[in-house]
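The structure appears right after this line, and notes come after that.
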Amino acid sequence: MTGPEHGSASTIEILPVIGLPEFRPGDDLSAAVAAAAPWLRDGDVVVVTSKVVSKCEGRLVPAPEDPEQRDRLRRKLIEDEAVRVLARKDRTLITENRLGLVQAAAGVDGSNVGRSELALLPVDPDASAATLRAGLRERLGVTVAVVITDTMGRAWRNGQTDAAVGAAGLAVLRNYAGVRDPYGNELVVTEVAVADEIAAAADLVKGKLTATPVAVVRGFGVSDDGSTARQLLRPGANDLFWLGTAEALELGRQQAQLLRRSVRRFSTDPVPGDLVEAAVAEALTAPAPHHTRPTRFVWLQTPAIRARLLDRMKDKWRSDLTSDGLPADAIERRVARGQILYDAPEVVIPMLVPDGAHSYPDAARTDAEHTMFTVAVGAAVQALLVALAVRGLGSCWIGSTIFAADLVRDELDLPVDWEPLGAIAIGYADEPSGLRDPVPAADLLILK
């Protein structure tokens, strides 16, 4: 291959730093490490557990020893430290904190501290790493890299591992894009989190119960490009796992209704038939009276049939408007609005079918029964529009067939009691659009 390799292809040592004190707020971490590891050399990587940095920087919070009270405070601190909750599992919260770190409990930790304390992460771990690096250079005359670590879980895999939350003096990432492997294959997306690999390796020496919060990785070819651990964080817009599964499903449910927009310009991309069929199947679960199925969707799949129907409807609409006395230019503008049904990749006509409707001897109840069935079909239409939207398909409901019911039945050879309730243009939107804003209820929600 060509280009620098992050691996050493030689022996790497991981050395414990023995004899460090129990750190307390105000302690000089660089002085303690220099005293315990005077053997540090240029090019070493000093790997430090974030907990001792937190202790030295006074990031300890007094806590009650009563387990319930301690847990209550811990949860309050998590709430304070987190900027958002990604996922919940029983009592465990996966959060993003102000640093952009995604981990359990926003880094609030009660391990390896006194029972009357809880620890928070350092305010700026990258700055802490730079300070420690400068202090070791001043005291020992060596140029080292520093990695500050914390324990994190991983998506897809059980168990935790240490990762870098602060870094100074090394390239935290190695991007292999464009580099060729020994077989001549170009690497496309490979980017190695070098600082995280160092953090995980050092944890094999530091452990969790060894009272060894600092280790030194020796023999690794360090290159300093000025990057810090912040470069390891993937911003939310680029994160494929921005939410936990349950939370993503919940957000999807909340946004489903707002995805529906009236789309009037479609791309030429074909619409997969199975998506339309699946959306119709969901739409038919809409509420209906008397356990009936009053909705039918007529899918105009044959281009000639669609064109013939729309041409006849256009002629009728133009004739009606002429009878109304509208000027020719106004008529053509009104008629042109129906062009969407010609242009849309797919068109579906919702129908009211009175199967199962109750018969009454009086007009009032007969009209009410018809209204009830009309509402049911309207619910199915809205359900279809939403079902299409959640599948990435745009749609627009057009009322035109209501004004030409006899014509529609005749052209499509449908029973005389089937009532067209508009037409639905379907396709992929020509331009993407975001969620609709909810309409303020205000005067539209009447309270009695």
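Each Cβ is built from the backbone N, Cα and C atoms, and glycine gets one as well.
Per Swiss-Prot, the features are as follows:
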BINDING   LEU20, PRO21, GLU22, PHE23, SER50, LYS55, ASN112  GTP binding site
BINDING   ASP109, ASP150  divalent metal cation 1 binding site
BINDING   THR151  divalent metal cation 2 binding site
BINDING   ARG260, ARG261, SER262, VAL263, ARG264, ALA288, GLY399, ARG436  FMN binding site
BINDING   ASP320  coenzyme F420-(gamma-Glu)n binding site
REGION    1-244  region 'Coenzyme F420:L-glutamate ligase'
REGION    245-448  region 'Dehydro-coenzyme F420-0 reductase'
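On the structure: features taken from Swiss-Prot.
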{"residue": "PHE23", "record": "GTP binding site", "DSSP (3 states)": "coil"}
{"residue": "SER50", "record": "GTP binding site", "DSSP (3 states)": "helix"}
{"residue": "ASP150", "record": "divalent metal cation 1 binding site", "DSSP (3 states)": "strand"}
{"residue": "ARG260", "record": "FMN binding site", "DSSP (3 states)": "coil"}
{"residue": "ALA288", "record": "FMN binding site", "DSSP (3 states)": "coil"}
{"residue": "ASP320", "record": "coenzyme F420-(gamma-Glu)n binding site", "DSSP (3 states)": "helix"}
{"residue": "ARG436", "record": "FMN binding site", "DSSP (3 states)": "coil"}
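Put simply, SER262 (FMN binding site) is 26 Å from ASP320 (coenzyme F420-(gamma-Glu)n binding site) when counted between their Cα atoms. DSSP assigns GLY399 (FMN binding site) to coil in the three-state reduction, outside any helix or strand. Contacts of PRO21 (GTP binding site) defined by a Cβ separation under 8 A and a same-chain sequence distance of 6+ are given as ASP27, ALA32, in order along the sequence. Of all the binding-site residues listed here (LEU20, VAL263), the one with the fewest other CB atoms within 10 A of its own CB is LEU20. Of all Cβ atoms in the shown protein chains, 10 besides its own fall within 10 Å of the Cβ of GLY399 (FMN binding site). Put simply, ASP109 (divalent metal cation 1 binding site) is 54 Å from ALA288 (FMN binding site) when counted between their Cα atoms. In the three-state DSSP classification, LYS55 (GTP binding site) falls within a helix.
Using ASP150 (divalent metal cation 1 binding site) as the reference Cα, a 10 A cut-off selects SER50 from the binding-site residues SER50, SER262, ARG436. In this structure, the CA atom of THR151 (divalent metal cation 2 binding site) is 44 Å away from the CA atom of ARG261 (FMN binding site).
For the pair ARG260 (FMN binding site) and LYS55 (GTP binding site), the Cα-Cα distance reads 52 Å. Contacts of ARG436 (FMN binding site) defined by a Cβ separation under 8 A and a same-chain sequence distance of 6+ are given as LEU258, LEU259, ARG260, ARG261, in order along the sequence. Listed in sequence order, the residues of the same chain lying 6 or more apart from GLU22 (GTP binding site) and placing their CB within less than 8 Å of its CB: none are present.
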